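J.: Below is one structure. I have some questions about it.
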Amino acid sequence: MSNSIVTSKKARQFDFNEMLALSRRNVQEREVERMQKSIDEGIIADETSSATDPTPNDGKIENSGCVDDDDLIGPPVSLLQSEPSTSGEPANDVSKSSPRNVKDDEEDSAEESVIPLSHEAVMEHGNKPVSAIGCDRNGARWSTGGYEYDVKFWDFGGMDLGLKPFRSLQPCESHVIKALSYSCTGDSLLVAAGNCQAKILDRDGKELLECMKGDMYLVDASSTKGHTSSINAGQFHPFIKNEFLTCCDDRVWNVETAKQKHHAIIKTKTKQGKRTIPSTCSYSRDGKFIAAGCKDGSIQMWNHGKNYVNTALLNREAHGNGCDITCLCFSYDSNYLLSRSTDDTMKLWDMRKFKEPVHTKTGLDTYFAMTECIFSPRDEFCVTGTSVVKNRGNGRLVFLDKNTFETVKEVEYPNKSVIRLLWHPRINQLFTTFNDGSIKLYYDPKISSRGALLCVKKPIKRSKEADGLYDQLVIAPAALPPRKVGRDGFVKENYTLRQMLRYVRLQQRPAGMKSKVPETPISGPGAGGRVGAAGGTLHSYVARQMGLARKQLDDEDPREAILKHAEAAAKDPYWVTPAYKKNQPKSVLAEKVEEEKVDDELHPMFKKPKIS
């Protein structure tokens, strides 16, 4: 008898939230270690260079009256100031001549290592402002749109040093492209243009669907199935690939039902309960909130997925009344909101205390309704651009510290306005669009990955010439025949290039293609396979030949010609008379010939008899 031992097994349990927090903590620790390592390597390199520097007094420069001309030419340059870049390139930070604290050096090097501004790549979209830009989550493919109605598709893997798009199209015909947004999977692109129907394209630019158009004669916007006026902005949901948001009257769409009707509608209202138009809209990073910036200066938010009637967060006086809010951007931890408006301000808001802004930055000129503001990938900086009137100043790309809202770095662009910005977190590269149709992509080979680094090293592909033999024209002016007297009575001494080429082509033609004098038309019967000019048909030709053979004159009386044969026909009938010879030997003619009836309708009105 065997004893059976029963063992109880329990399935292992996993806490998803705990695993996610642990992985996030590990990533942050590795990032901090990498940054600290790069900072230490930079400091060690500086110490090594200073140790090997032959300058006396431990690298300090003394202001002596006698200076060798080979070492220093001209007055010493002040190292306390750095001129702003006027060529559109980032200005390098220059350290002071006096010894500095190591802590300050570490902070400056950390800021420089975080902002990828060491290199730039310039792309050309067109000649008009670039008003929209979007990039997929992997940072491999991106698209741009502008005032010239074109949407251009770019692929880092397929581009070379020429930096050209692989496709260009006009999905919305003659409408300005206002917003572009990729889905979370990257297989769909939302195109929001100046018309009332948003479109969804695939990665290659093929149209997948077009949203429903609303009835403009209905007063209640909730009764319409789509927008009835121009769309201002649009965005895909960060996690739901079939949901996207557009704003004219805020509507949430579902890709599967967008052709028939919207998924939900959100009404934005003023303090008096009247209708106000949203100028921008956005999802939060975690997808829990939908935010809208309205033209009355208010910022309104709703909880995602609920009945969009009551707002979750509301600030009626976020910006100036009558000033469009051009952009709303959530931080990556979804605790802060950055807003930009045409009142030349940018404000930072705390979602947990939404009544007053945390920081406010003024003096940021804005002339475009889609001027953008963004957070850095690690929520350390707030970035925006400024606009400028033509030939009246320089546009700026401004980096602000999120905690203090002080300017950390500025990049100036002569006679250019910065419109759209996109700092991709995965490839760590910054896209910037301008009003002259150009796009600048900033990157740093030390801290950036893929993206522009894949294409700036590829040489431009040269087009291969088709294989074939080409007969080149050999022109010898001395071998040409002498010139003739021109229309003006003078002998032309020189040939023009066109006349030379024409003469050479005539000489090089095959023998069968030589020019010949055309044949003269035939006057009379045809000969040599050519038909005479009597007529173009066979009947006219045969009739003409028979007439010529019998020599019938055209001026002969036809009655006399017929009566000439009357005696012969009576003696020897052939056609009609033999048929009636037995039954009706004597011809019977009609007693009365029917007269032609005159149609009264053909007479003029004044000749018709009046009916009394």
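Just so you know, glycine gets a Cβ as well, placed from its N, Cα and C.
These came from TrEMBL, pasted as-is:
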COMPBIAS  26-40  compositional bias 'Basic and acidic residues'
COMPBIAS  79-100  compositional bias 'Polar residues'
REGION    25-114  region 'Disordered'
REPEAT    282-303  repeat 'WD'
REPEAT    318-352  repeat 'WD'
J.: Over the repeat 'WD' (318-352), what does the predicted model average in pLDDT?
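T.: Reported value for the repeat 'WD' (318-352) is a mean pLDDT of 91.
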J.: DSSP on the repeat 'WD' (282-303): how many residues come out helix, how many strand, how many coil?
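T.: Taking the repeat 'WD' (282-303) as a whole: 0 helix, 13 strand, 9 coil.
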J.: Using DSSP, what's the helix, strand and coil tally for the repeat 'WD' (318-352)?
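T.: Counting residues per DSSP class in the repeat 'WD' (318-352), I get 0 helix, 18 strand, 17 coil.
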J.: Sort the residues of the compositional bias 'Basic and acidic residues' (26-40) into helix, strand and coil with DSSP and give the three counts.
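T.: Helix/strand/coil tally for the compositional bias 'Basic and acidic residues' (26-40): 15 helix, 0 strand, 0 coil.
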